[in-house]
Amino acid sequence: MISLGLILFSSVLCHVATAGRTCPKPDDIPFATVVPLKTFYDPGEQIAYTCQPGYVFRGLTRRFTCPLTGVWPTNTVRCIPRVCPFAGILENGAVRYTTFEYPNTISFACNTGFYLNGSSSAKCTEEGKWSVDLPVCTRVTCPPPSVPKFATLSVFKPLATNNSLYGNKAVFECLPHYAMFGNDTITCTAHGNWTTLPECREVKCPFPSRPDNGFVNYPAKQILYYKDKAMYGCHDTYTLDGPEVVECNKFGNWSAQPSCKASCKLSVKKATVLYQGERVKLQEKFKDGMLHGQKVSFYCKNKEKKCSYTEDAECIDGTIEIPKCFKEHSSLAFWKTDASDVKPC
């Protein structure tokens, strides 16, 4: 007959053998939750992994049972982001992105001359869909430009709607007697407006003054306006210093103030000089004197080196300074060689 003590001892051994060890809290998986979540589990208890919204399950199984060994089986659970479909091609624009995965955001931008019609960004949602549809890039247009006062449109080619596209230009002209301040050309900008309009202002100039030893002709009218012209001239033996024709400019001044400069009488009777790169006889080429602004080069001797060099002389309003190194060759001293005939240094 089996004793009661032996029976109790056997039952304790059996319980220890079948109870096993408890399992610890399972590994944390990014973007996943465990149900039920406890600090330890008895052998035979089950857990299940669930992915958070926006993520999908990858692995062999999502359910695990705590074994008698107290060690969880190898866990291959992964929760990966949902991937939204290709966003599409934005015509006349660009889609900027790093990835199409949840919860990333993509942005939209239009090329210069187009504006965004729709949202500037879209987010990949938990369902793997984009939060908004692909926008549209619409071409920028400008309304008909305003015409400045006292101006006319000289160049303008609008659309059939009378609007203009980005980059289109309009060119203005001022009415007679009016000068333009600012750029005569305006451009339709990427913002749908025109660049700054110019301004047309009436401009008057004083009557031009007559130069000494000369004359000036201009239109016979009471007032001289912008773009009116005057013509200058000089008396005999005087040379005009400045343009022959001047114009009333936009600032109410004449474009130049010409003057009449006197010719130069030459004290040298005989010399060979350089004029515009050619050797000429001074007494023949300039028998009536040199005009203001004319320049010649006189030949001089370098006695030490026995060679010649040139120095310039210019007629300036009736005055010319003959180089000091120049020595006029006398016809009586026929045995002497003129500096112009000596080899150059």
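Positions of Cβ are set from backbone N, Cα and C atoms, glycine also.
The disulfide entry in Swiss-Prot for C84 points, among C51, C66, C110, C124, to C124. The recorded disulfide partner of C234, taken from Swiss-Prot and restricted to C248, C260, is C260. Looking at C14, C79, C110, the record from Swiss-Prot puts C51 in a disulfide bond with C79. Of the listed residues C142, C248, C264, C248 is the one Swiss-Prot pairs with C205, by disulfide bond. According to Swiss-Prot, the cysteine that forms a disulfide bond with C325, out of C300, C307, C315, C345, is C300. Note: Swiss-Prot links C307 through a disulfide bond to C345 (candidates: C315, C345). Of the cysteines listed (C137, C142), Swiss-Prot assigns C137 as the disulfide partner of C110. Between the C-alpha atoms of C248 (disulfide bond) and C174 (disulfide bond), the distance comes to 15 Å. For C79 (disulfide bond), the nearest neighbour among the listed disulfide-bonded residues (C23, C110, C264), judged by C-alpha distance, is C23. The recorded positions recorded for this entry are C110, C174, N193, and the Cα of N193 lies nearest to that of C142 (disulfide bond).
Of C124, C137, C307, C345, all annotated as disulfide-bonded residues, the residue with the shortest Cα distance to N193 (N-linked glycosylation site) is C137.
You'll find the Cα of C234 (disulfide bond) roughly 101 Å from the Cα of C51 (disulfide bond).
Within the group of disulfide-bonded residues (C51, C188, C300), the Cβ with the highest number of other Cβ atoms inside 10 Å belongs to C188.
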